[in-house]
Amino acid sequence: MADTQTKLSKTFSNFFASEKTSGILLILCTILSLSIANSLAGPAYQGFWHAIVAGLSIEHWVNDALMAVFFLFVGLELERELYNGELSNFRNALLPIFAAIGGIGVPALIHYTLNVGTPTQAGTGIPMATDIAFALGVLALLGSRVPASLKVFLTALAVMDDLGAIIVIAMFYTQQFSLVYLLSALAVFGLLLVLNRIFRVMSLLPYLLGGALMWFLMLKSGVHATIAGVLLAFAIPFSAKADDEKSPSHRLEHFLHKPVAFIILPIFALANTGIVIGSEWQHELLTPNSLGIIGGLVFGKPLGIALLSFVTVAIGVCRLPDDLKWTHIVGAGILGGIGFTMSIFITNLAFTNNASIINASKMAILMASVAAGGLGFLWLSFFQQNDNQ
């Protein structure tokens, strides 16, 4: 684990340093969006996001274009972790991988069980995801009171969670499908791989231009266009040397970090958390869909993460890092229930053109994420304080 932390020290510390501020900014944007949506300016606020620009609403541009940049950033993070980070050592990678599988499977099972055979069964993917910015933002509030390896574990877990969410989006949330456009997008991806692997083109420009074309073709194919961001990340040249500043992947990740944290995600929060809280909000939170979301995020996440982690360590498949205790793993599992932006993103795909279900789902996500963040903070604070006594 020491080697892993040494490898990650510079990049990871820079990444983690701004998560506290980013998390606070997301909270402020959410409060602002909720306040405006439930004021006299609410209709105008909703009308702004639904205004059509170049054939798509502003909300669609945010969710399809800006979030593709977010997924590009997530893909670059994942690539770094696979090459020289927490996931580069197979044995180190196994624990967050199995934890992520549990954190995806149990919440999905809870939602599916409550909604099977109904239209809201489409929301099974909603409680699968973890909001990296919010989860690490809450953990950052604890500062040095938690072990550094817990921050690394939660980062790897959240990245694997989002990878699972990306796969779910590609497989289950594709509406109309065009094989010609999809094959064309994959052909562009193949061409970018050739530029990287064979011709060793190190300039970012051809990759960014190819990525823009791939995004357009993905959009036309019916597969969600954000997938292009992840594919582009793995097509961009990466150096196996930790923190190699000449690496195109490293340079792009470094460039995107602050725009993603302080521009893209806050805009996404403003566009997607304008939840209208009506007089029937208590009833809406008691529907099978809302209960599945809340149950999946608040209870399913920590249960799945902790249970599968414990089983795999008990049978000798994985190893618990020396400075981590099971209370830390449970705490990370609770924080994994902060679905927020990622869960809202999947909600918009699951219930297209059904505003009432989308609004109720967002309310459930918001409540579950607040509960998970608060419980996770209190849990880790309590046990860390006891450990230090």
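Here the Cβ of each residue, glycine as well, is placed from N, Cα and C on the backbone.
According to Swiss-Prot:
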TRANSMEM  24-44  transmembrane segment
TRANSMEM  56-76  transmembrane segment
TRANSMEM  94-114  transmembrane segment
TRANSMEM  122-142  transmembrane segment
TRANSMEM  152-172  transmembrane segment
TRANSMEM  176-196  transmembrane segment
TRANSMEM  216-236  transmembrane segment
TRANSMEM  259-279  transmembrane segment
TRANSMEM  291-311  transmembrane segment
TRANSMEM  326-346  transmembrane segment
TRANSMEM  363-383  transmembrane segment
Recorded stretches the transmembrane segment (259-279) and the transmembrane segment (24-44) touching, at least 3 CB pairs under 8 Å: yes
Contact call for the transmembrane segment (94-114) against the transmembrane segment (326-346), three or more Cβ pairs under 8 Å: yes
Contact yes or no, the transmembrane segment (122-142) and the transmembrane segment (216-236), 3+ Cβ pairs under 8 Å, gap 6+: no
Result, the transmembrane segment (326-346) in contact with the transmembrane segment (216-236) (3+ CB pairs under 8 Å): no
Folded-back contacts onto the transmembrane segment (56-76), same chain, C-beta under 8 angstroms, at least six residues removed: 48-50, 132, 159, 162-163, 166, 211, 215, 219, 224-234, 236, 249, 252-253, 256-257, 259-260, 264-265, 267-268, 271-272, 345, 348
